Amino acid sequence: MNQHGRSAEPGVASEGIAPYGDAHRGIAAKRKKTTTARISQMRVDGEKIAVLTAYDATFAAAADAAGVDCIMVGDSLGMVCQGRTTTVGVSLEDMLYHTRCVSQGIARADGSALIIADLPFGSYQQSNEQAIASAVQLMQAGAHMVKLEGGDWWTVDIVEFLVQRGIPVCAHLRLTPQTVSALGGYRVQGRSEEAAEKLRVDAGALDNAGASMMVLEMIPTELATSITSEMKSCATIGIGAGSGTAGQVLVMHDMLGINLGRMAKFVRNFMRDAEDVPTAFAAYVAAVKDGSFPDDKLHGFL
């Protein structure tokens with residue numbers, strides 16, 4: 001029955017009760033839209049930025065309603081959605097499909113989260129022209145920002161090329177899943193003085209090139225905190241990089257405890273103490289905002 005005491009017809013939403021993603025409209029509409037300018041201001045103000053991956057309309061709308069600032073349509077979908085062992089096989093077409101799903105879910109819910117979409121392996125490495133063609137397609141699919149991996153000179157050149165043409169960029173420094181084989185497997189990066197210095201130099205170059213955000217993955221806490229303090233305008237987002245970054249990101253499946261393998265040290269299962277998925281999302285946002293996640297002793301690396 002609906003609120004007027006009348007039974008709804010099968011397959012038809014009750015009066016005043018919105019179906020699927022629209023059910024989150026009332027919550028999400030209370031927040032201002034997250035923009036690149038808003039991200040920059042949060043960084044300056046010291047307000048933690050909560051980022052979460054999502055790959056479809058329903059979960060994207062739920063994450064947005066829970067207060068997630070940015071939703072990342074990551075090429076991690078290759079592993080959690082497609083069953084691959086790495087992200088290398090994810091295509092641009094895959095990314096476009098899932099970006100459209102997320103964008104439509106947030107739009108339907110009148111949401112406010114900023115959407116970041118990955119440029120997958122092979123979609124930007126050939127040339128600046130290939131990079132912008134791929135990035136434009138992702139923006140047309142609903143992304144507000146594109147993410148690409150690496151900090152070598154040619155990657156920095158692509159970042160600058162895209163930014164100069166009006167495409168916001170999120171960079172991604174070690175561990176970058178697309179290059180996991182070249183880096184010798186999934187392991188913490190930047191522990192030697194030489195490796196740490198390279199990460200500092202790469203991060204500075206990406207900052208100067210105009211990257212709005214930068215994911216720092218599996219980097220010692222002290223190094224990630226130091227890099228964050230050296231940024232002129234780029235907001236750092238940590239995953240296994242300690243609590244000193246401007247924000248945090250987790251793969252949705254990981255933070256819900258849905259993992260077929262061994263859970264990474266930097267992951268916290270927010271579903272364990274939640275009665276449902278939206279509650280788990282809200283708990284994650286609250287923990288990022290108040291600084292209780294990550295706990296450097298439990299989730300960080302020395």
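Note that Cβ sites are derived from N, Cα and C of the backbone, with glycine treated the same way.
Copied over from Swiss-Prot:
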ACT_SITE  E217  active site, proton acceptor
BINDING   D75, S76, D118, K147  3-methyl-2-oxobutanoate binding site
BINDING   D75, D118, E149  Mg(2+) binding site
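Sequence features, as recorded in Swiss-Prot, placed on the structure.
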residue: D75; record: 3-methyl-2-oxobutanoate binding site; DSSP class: coil
residue: D118; record: 3-methyl-2-oxobutanoate binding site; DSSP class: strand
residue: K147; record: 3-methyl-2-oxobutanoate binding site; DSSP class: strand
residue: E217; record: active site, proton acceptor; DSSP class: strand
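Within 10 Å of E149 (Mg(2+) binding site), counting CA to CA, the recorded positions D75, S76, E217 contribute nothing.
Distance from the CA of E217 (active site, proton acceptor) to the CA of D118 (3-methyl-2-oxobutanoate binding site) is 15 Å. Of the listed recorded positions, namely D75, D118, E217, the sparsest CB environment within 10 A is found at E217. For the 3-methyl-2-oxobutanoate site, whose annotated binding residues are D75, S76, D118, K147, the maximal Cα to Cα separation is 12 Å. When the alpha carbons of K147 (3-methyl-2-oxobutanoate binding site) and E217 (active site, proton acceptor) are compared, the span between them is 14 angstrom. Distance between Cα atoms for D75 (3-methyl-2-oxobutanoate binding site) and the residue listed as 'active site, proton acceptor': 15 Å, as a whole number. Calculated from their C-alpha atoms, the gap between E217 (active site, proton acceptor) and S76 (3-methyl-2-oxobutanoate binding site) amounts to 13 Å.
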